[in-house]
Structures are given as C-alpha cells and as structure tokens.
Amino acid sequence: MSAVIRSIAPPLVALILGGAGAAMAVLVHLPLAMVTGPLIVLALFTMRGGRVFGQAPTLPSWLSLVVLPVIGLAIGSSLTPEVLISAKRWWPSLLSMLLFIPLVHYLGFVLFRHVGRLDPATSYFAAVPGGLMEVLLLAEETDAHAGTVLTLQFLRIVLCVLLVPLGFSLMGADLLPVSTSAMSQRFPTLIEVTMMIACAAAGVGVGKLLRFPAAVVTGPMLCFGALQLWGITDAAPPPLSLAVTQLIMGSLLGLRFTGLPMRQFVVAIQLALANLAITMTLAVGFAFLFHGLVAEPVEALVLAYAPGGLAEMSLVAASLHIGLLYVSVHHLLRIILAILFARHFASSVRCSVPASGGSDL
C-alpha cells in the first residue's frame, strides 16, 4: 500500500461517511441535517473503533479555519440599518446575561460536584457555559482533569446541536435548510465573492490579533457586516458554501469522539444531558420573561440563551429564519461573560483541589 493512499484514505473516508450521513439525515428530515447527519455517523463509526487501513478517519484541523469564516460572513450579511435600529431594544435580554451566565454555571457546578462526584476544579471548569478552548486553557493551569473538562464541554455543544433543533421541530417549527434560508437568494458576483474572501481573511487575521472571542467567526462577521452597513454590498455567501460548511462542521464534531472509551462516554453524556436540561429550562424561562421587552420571537430568545457554540446556534437561527444577528450577538456576549466569570472566580476552587490532580469520569 503506497504512502500516498494511506495518507489520503482517512480524510477521504471521513468525507464520504460525512456525506452519506448528511444524505441520510436529509432523507429522514432530521433538523439541521447537513450538520447532525455527519456528526451522528462519524461519532458512531469512531466510537465503535472504525479504522481505515489501520488508522482512524480524520480531517485536517485547518479545515475549520476555512469553513467557519463562512458562518461569520452569513451573520454579517444580516447586518442592515434596519436590524441595527431594532438592536436598540435588545438591552434587557443582553443585561439578563449577567444573571443567566453565573446562575447556569453555579447549577452545573453543583450537578457535576455532587451528582457526578467530580473534584471541585474539574466540576467548576466543566460547568462554564461557553468558550471551550479558553476554558480548557484555564483548566490546565489548575489540577482539574483536562480530559473530563474537554469531554463535558464538547458534549455541551454536541447535544445542543442535536437536541435544540429537534426540540423546535417537535414543537412544529419549520426548519429550512440553511442554504435555502440565507439572507440573499441571488448568487453573488465575482467581485462580491472576492470581497467575501478578503473579509474572511482580514477578519480572521485582525480578530486573532485583537484576541476576539471565536475570532474565526466574529472577525469576518464584523468586517463583512461593515460593508453591508456602508451599502457597498448586500450579498450573502452562496448556498453551496453554506452546505459545505455544515458538512465539514458536522464531520469535525463527529470525529472528536475518536478514542473516547464507551464507559466514559456513557457517564459523561448522562451528566451532560442533565446539565443541558437544567440550562434549557432556565433558557425557556428567561425567553418567556424577556421576549416582550425585546420585540423578538420566543424562539430567538431560546436560541440566544442555549449553551451551544456561536457558529452552531447561528446555523440553527438561520434555518429557522429568525433573529440571526440577535442570536449571534447574545452568544458572543455569553462567551465573553462566561470566560470573565470563570477567570474571576477560578481562585476560589484552586485552593481546594487536591495535589494529586482532578478526578476523572
């Protein structure tokens, strides 16, 4: 077997399985099918020990740097003067995040500490409701068990991607494919495509330089949004780019289950499901409490409070064709506040961590 074939086989099989998963999900009308289909198929394949010429299927990590800016461009394309005017009414739900974030964090900590029997530091960082990579870096500065923190944080995002759209679908919401619910239905011109590529590259570069949260999404979002506000363009990413982005995102999420022992997965998913149930109960409560004050539908507020990733929840908002910018702004604030609170109160758990290290699942 040539070295070339052995090197290209794992990513090729990952894409084939991801594509097959997406096709099956579309056929059975799963919500957000282009993400959930690849995620489910590749998670099952990798957790059952699936191999390609003795290697686990994989995709290069740089792919996320290529596709995630497309989500930022899609969010930025919804930034119009009309939306900006309506944003003046968002302040009640934005301010409510100051209560929602620490409340969710505390309840998650109590769950992981007293039900999951994890040590204080591991429980604390596993319960942070946002900023997966930033939280992992903070956890590694303590004796928290980094693997457990990563697993529970990752499952927070995955379960949101799988269950939140399903919940909306069961309640009768019409989730359109994101490629058909994009802001602009016309195909962009060559000049507009060039502008989008330039905004993506410049946005990621500046975002990383200025250390924006979720820079690969927020940088392109702000850059392309500025062009929309200035009236330079009203284009949006073409449907094919959004479809490919969802396929890659779902595949990358599914591949993260590679090497996760089944016993650890079963324990982790029980804790993560319980944590999600608590968080979404609060999210629905806050949504009904504040939706009349911000003049947005309840669905938009539920998504704004849901503890999924910025890119993932933005895709759900796009598929529902509601409050894309509203949801994205709230998730950006959620990440910022979650990290700020996590940093501020981290010292209170560090001193109580045993020197032998954090506990595993």
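Cβ atoms are placed via backbone N, Cα and C, with glycine included.
Counting residues 6+ beyond its ends, the transmembrane segment (12-45) has Cβ neighbours under 8 Å at 52, 57-59, 158, 161-162, 165-166, 168-169, 175, 177-178, 243, 246-251, 253-255, 257, 312, 315-316, 319 in the same chain. Look at TrEMBL and you will find 12-45 (among others) tagged as transmembrane segment.
Feature annotation from TrEMBL assigns transmembrane segment to 65-85 (among others).
According to TrEMBL, the feature transmembrane segment maps to 97-115 (among others). Long-range contacts of the transmembrane segment (97-115) within the same chain: residues 122-124, 126-130, 152, 271, 274-275, 278-279, 282-283, 286, 305, 307, 330, 333-334, 337-338, 341-342, each at least 6 residues beyond the stretch ends and with a Cβ under 8 Å from a Cβ of the stretch.
Long-range Cβ contacts of the transmembrane segment (146-167) within its own chain (Cβ-Cβ under 8 Å, at least 6 residues beyond either end) map to 30-32, 35-36, 39-40, 43, 112, 118, 122, 125-126, 128-129, 132, 135-136, 139-140, 175, 250, 253, 256, 260, 264-265, 268-269, 271-273, 275-276, 280, 302-303, 306-309, 312-313, 316, 319, 358-361. Annotated transmembrane segment per TrEMBL: 146-167 (among others), in sequence order.
Same-chain residues lying 6 or more positions outside the transmembrane segment (187-207) and placing a CB less than 8 Å from one of its CB atoms are 65, 69-70, 72-73, 76, 215-216, 218-224, 227, 232-233, 235-238. The transmembrane segment annotation in TrEMBL covers 187-207 (among others).
Summarising the annotation, TrEMBL assigns transmembrane segment to 214-233 (among others).
Within the chain carrying the transmembrane segment (239-259), a Cβ under 8 angstroms from the stretch's Cβ atoms is held by residues 14-15, 17-19, 21-22, 32, 34-43, 45-47, 56-59, 63-64, 66-68, 70-71, 74, 154, 157-158, 161, 177-180, 182, 265, 311-312, 315, all 6 or more beyond its ends. According to TrEMBL, the feature transmembrane segment maps to 239-259 (among others).
Sequence annotations record features per position, and here TrEMBL assigns transmembrane segment to 271-295 (among others). When Cβ-Cβ distances below 8 Å are used as the criterion, the transmembrane segment (271-295) is approached by residues 86, 89-90, 92-93, 96, 100, 103-104, 107-108, 111-112, 115-116, 127, 129, 152, 155-156, 159-160, 163-164, 167, 301-302, 304-307, 326, 361 of the same chain, each at least six residues removed from its ends.
Residues annotated as transmembrane segment in TrEMBL: 315-342 (among others).
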